[in-house]
Structure formats: C-alpha cells, structure tokens
Amino acid sequence: MAAKAPSLSEALTSGFLTCTICLERLRHPKILPCLHSYCQECLRKLAGGRKELQCPECRERVALPQGGVGALRTNFFINGLLDLVHPTGEAEPTCSLCPLIGQEAGRPAVSRCLDCADDMCRDCASGHRCSRLTHLHRVVAMKDYLSGEHDEEIRKRQALQCKEHTGEELRFFCTPLPAGAHLQHPCLPLAEAAQARRPVIVELLAGVEETVQVIRAGRASLEREAAQLQVREASIRDAVEQACSRAVQRLLAQQEEVLAQLADYVKERQKACQALCSDLEFQEQVASSTVAFAQKVLGLGREVEIVSLEQVICERLRHLQGFSWEPLATRLPCLEVDAEIEGSGPCLFHLEFREESPTGVPEGPKEEATKGAKKKTHLPCLEVNTESPTGVPEGPKEEATKGAKKKTHLPCLEVNAEIPTGVPEGPKEEATKGAKKKTHLPCLEVDAEIPTGVPEGPKEAATKGAKKKRRKQQQQVQPAREGSQITTLILRGCLHAVAPVPAPKVPGTPLLTPKPLFSCSFCVTIPSDKKCPLVTGLCPFGSGELLVADNQNQNLNDVAPVSLATVGSKVAFTAGSCLYLLNGEGDLVWQKALGQGQASHAVAALGGDRMAVCVAGQLEVYDLEGRLLEKIVPEDNADRCLVFLANHKDGFVGSDWYRCSVVLFTRTGQLVAECSEEQLGECQPGAVCADTMGIIYVVLRELNKVVAFSPSGEELGAFLTAENSIDRPRAVTVARGGRFAVALSNGTVHIFRIRYQGK
C-alpha cells in the first residue's frame, strides 16, 4: 500500500528540520549516505579529526572524503525547506528597494515579490506592478507570506544557482557527466531529467515499502510469540506455586505435629520435675533445721541436757540420713532429619524443552522456498509424572526432522511424582528406559534408639546399626555449621527444613543488580499543548512530584527548556544559552547568560543551595543568587562535551558526546571511571541518572533500552528494554522511595520500582 504523500507544512513544522545532535535548527546541513542530515559543525565535532564517523541514529560508519566533513554532500533539499522557515522574534521586515532609489531606509514592508524575493513598501510595490519588466511578477501581501500561505508557490519557484555563472539558474542536466565541463555533451532540461529518474526511485521505494510491511508483520508475529510466552509463563508459574504451596502445607503440618509432640513431652517432664523439686526442697528444709538444732544442743547444751536428748536426736538423724528418692529419667529431645538432603539428591522440579508449531512469520515478497523446515520456537510447558496429576496440558509433539534445525530452547518445568501436589496431570510422555528420579518431602522423625525421653513412634524398617551409622555421618557434618542452635538433623528429600544456620561467608561483596517492577504510567500532555510533547528533562520535586521539561510547547516562561533540576525549593533550568531560576510558585527569580561553547547545557543540583551547569567541557557552579562560585574541570577535558548530567554520590555522571562515553568524576574533577563506547553497544549515550546505591542508568535511545552500571563503572546489563513497554526513551530520573521514571518520545512517562538482586 502506497504511503501518504508528505505535506510541506508538516515538514516545516515537525522536527524534520531539527538536528538531532544539537537539537536546534539545521545549519549548513550535510547529508550522509544513510540519508540522515546534520549540521556541518556538529559532524565536525563528532568526527573529532578521525577519517570516518558513525551516524548517531543508524550507527552506519561513513568514510570521510579528502576534504573532511566540509566535502560531504550538501543537502540542498533541506536548504530549500529552510528558506521557507520564517525566523521568529526578529524585527518587522523593511523595504529593500527604498535605499536603492535614495528614499528613507527602514520603511515597513507590506508586500513581497515572490520572483525577486524583495520586501517592498506600499509605494515600491505599486511601482513594481507598473514596470514593463516586472508587471508579471507575483507580488503578495507580507502577512500572507509570513503566515506560510504561499509556501507551496515559493517552493515551486525556488531554483539553484550555477556555481560558475553568477546570477544564472541551473536549467540543464548533463547526461554523461554530473560535474566538470559539459561542452558538446548531450543535456536535458532539469524537468525532463527529473521525470526520467523519478520511475527508478518510485520502483525502489515500492520495494522498500514492501520490505517494511514484511518487517512489520514479522515484528507483530514476534510480539504474539512474546505474549504467548507470557501466558505460558503464567500457567507454569501457577502450577509451580500450587505444587510448592501443597509441599509447604505438608511441611507445616508435620512441623505442627512434631512441635506439639515435643511441647507435650516437655510440659509433662517439667511438671514431674517441679513436683520432685518441691519434695526435695521440703526435705532439705527439714534436714537443715534438724542439723541446726543438733548443733545448738552440742554447742550450748549442758551434759545432762545432751544425755537426755541423745536418743531422740540420734533417731531423727538416722531417719534423715536414710532418706532417698528415685531420680527422674531426664532425656533431652533430639531431632533427626534424613541426611540425604545434604548431598546431591533428586530435585523437586525438572527442566525440559518442548517444540511448538512454527511461528508463522510471513515470508517476504521475493523469498525463495527453503529446503529445511522453518525455525521453531520452543514454548515452556509443565510436565509431571503420571502418579502426580498437575493438569498442565502438553504441547503438540513435533515429528523428528531429517535436517538439522536451529532451535531456541526455553525452560520447561517438570514436577516429580512423589509429591501429592494435586495439580491435574497432562498427556503422558513416551516411556523412558530408566526410572524417573523421585523427590521426597522432608520427614521429621525421632529415633527410638536415642534416649530422648520422647514417646517412641512407629519403628522404621531400618536396623539399629543403620540408624547409628546415619547419626555418625550427621555428627561428622555438624562441626562445619558454626553457630547452629540445634542438635542433630536428618533431612529426607530435597526440600531443606533446617533450623537456623548462618549462611557461609563469601569473600567479597556481590554486585547489586537492579530489576524494574512496573508501578504506573501517565502522559504529560496538557490541554493547552499545541504540539506533541518533546521531553528533554525530568527531575523529582517535593515529596512525590515530577518536573518535566517539554522542549516543544514552551511551558516554562515562554521558553523551550532543555534540562532542569530541583535546587532546594527552587527550580533551575536551561534554555538555549541561558540559565534560569524559578521560585516555588513558578516566578522567575533571575536568568543568566552562559558561554557559547555548546548548543545545549545540562544542569544538576549540588546540594540544596547550588547548581552545576555544563559549559564548554567544564562545570560552572552557581549559588541561588546567581554568583559564579567555582569551575570544575574534569581530568583530560580537552575534547569533552557533556550533554547530559546527573548527581552521583559525591560527584557527577555525564554523557560525553564527543567521546561517546559515560564519565564519572568527583566534585574536584578527579576522574573515577569511564564507560567506553564498546560498553555502550557502539551507541551514543543519552540521559543519565543514579540511585541512592550509586548504580548508574544510561539511556541508549538507538537500542531502545536503559542499561545499568555499578558505581565503579562495571556493566550490570539491561535495566529496561522493549519488553518493559518502552519506546525510544528520552529522559530518566530516580525519585524518592526507589522509583525510576523514564519519559518516552510520545510524551508518556513510566514509573518503575527498583528491586535489587543480591541485597
């Protein structure tokens, strides 16, 4: 299907004429072989003296001609459109003919000749219409010209000037040679030459449009596969959770049974101990009082008194001396768990791979039939043993193919049969030669041979020697567990129900890996916006708000902000080459002009009373009064251009577009680490931010992802990808409570909660 014809007004009002490097209107546009156009000065800085450069959008490498960037082909098509763009904010146009005829200069122009491109006052316009040479010229009102009403007509009248003959327009095209001398060469008028070459472009364009349709269909098929994977993942996740839930319920039931049995025994023994202890305490008091009385008689009594009491005292002492009691058989409880759990016993779940039917990606319009089978995707499926129904249906079995196929293996989960999970069983698999491994849930048992004092349960079939051997093996394992609060454990099966044992200490601290958890999303478009938002900056404000810099709709004091930051209760932002400060109500406090070293300036807060701004490869620090306090010069800053900036612990992190790297440096300018272009996937880095743990997040807009790096610059992998529903991210920030905000090109902002693996 043919694409809709482009509109001239849309080309003039959209971002088609904006350089994606400096984010300003194109100046001296140069076109690359990949058909992307950029400012000549931006390409010169991007090349950095090298003999080749890489396109920032498609990453295609372009070898520079002998003359460097200046020798690249000029995009006259863009130049022609730029001539139709009327600059805003300039003074009213004045008559360009009055000074030539000696009249007063500066008279306001009310008309414009589209053929001469001259602005004229009322008198000059009347004379222009009455002249024999110019009476056929197209003279229009100035207000209509400025409103763009005649852009289509002006576009048709535009012509390129000959480089060799001043004042002459290009009218012919040399067929043999596009450049050089053309004497006696066959030439065609430009209109005929363009008409002859238009069918070639139209034919190639139709082929590319067909390819786009095939790619779009393939992408839609992949999206359907991804959705199918998510559905299958949810199904398997539910089955696993149900199996684990039933296993945990069984463990908890056994736990309650054993603990109740232990509590009853301890309560009974404590009651018996207390009764015996009371009797012994009473007998101790009786014996002590008798001893005290006898000692007093011997020490204080007279001879006659001792003789008279001797018989009674001796009988009492003999009686007390013969006192005895039957000691309680105190047996301490011990817990034995099967020791097989300490080894490499069978696992609860088993991973397999199941082939599904071909994905159904449509073939291209000109593809030949392939000999081999189509590439297949293996969807995860849950397989269980026939003795334990799990109820997850099995995928269709594929027939064995003769040719080798490239296969994508996705996890398939199998629950063993020995666990009564209650999950319905799927279709039976083909019988295997060897018996499947079976998983045994933990069984807590009190050994009858150990004098624990706990009432003996049903005896096991194992002999006493086998039990003693298990206890001996367990005692050999126990010393390795320092700080353990239990006696003896014998674990049966693969689920560890072990009492609190400290985890072994691993030397070194593992890296924290951030993972996103989607929270919410919203669009930053407001009813007064006339254009689609172009978010260039995000920053947290207050306890739970976000500030958004919309470069397209000029919502901050009628300017287009590029970067912004919260400084205490105030907001600092940059636009063009100026730094602005607003109070909490949005009123302008002051504005300050910055250096002209770069097209846009990034700003970041420095505490609650200062701000740092990127200017010509260095940071200028200002206070809330607008005074320049210091300049921070990063190490080796000769060729640096920090386009994005953010706080990072006690320093800063910035995107260096000249070196295509992410640089970390302290507040004194000392370089901490630098993430190279290879670590960034050969892409130009975009917006950056850092969380409270020091982890750095970098936007790679070309790859449609956000990657994470450790505080020391080590790569932690992708944090956000297309699987997280992000499309061309532009700005990022980390708000309070570990909330990560990312703004997309369509004006949507997604909020994720950061979870750390390894914490």
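Backbone N, Cα and C atoms are what each Cβ position is placed from, and that goes for glycine too.
Taken from TrEMBL, the feature coiled coil covers 219-268. According to TrEMBL, the feature domain 'RING-type' maps to 19-59. Among the features that TrEMBL reports, region 'Disordered' is placed at 356-375, 384-406, 418-483.
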PLDDT averaged over the residues of the domain 'RING-type' (19-59) = 88
Residue counts for the domain 'RING-type' (19-59) under DSSP, helix then strand then coil, are 8 helix, 10 strand, 23 coil
Excluding the flanking five residues on each side, which residues at least 6 beyond the ends of the domain 'RING-type' (19-59) place their CB within less than 8 Å of a CB in that stretch?
-> 68-70, 72-75, 78-79, 82, 85, 536, 551, 562, 598-600, 639, 641, 657-658, 660, 682-684, 702
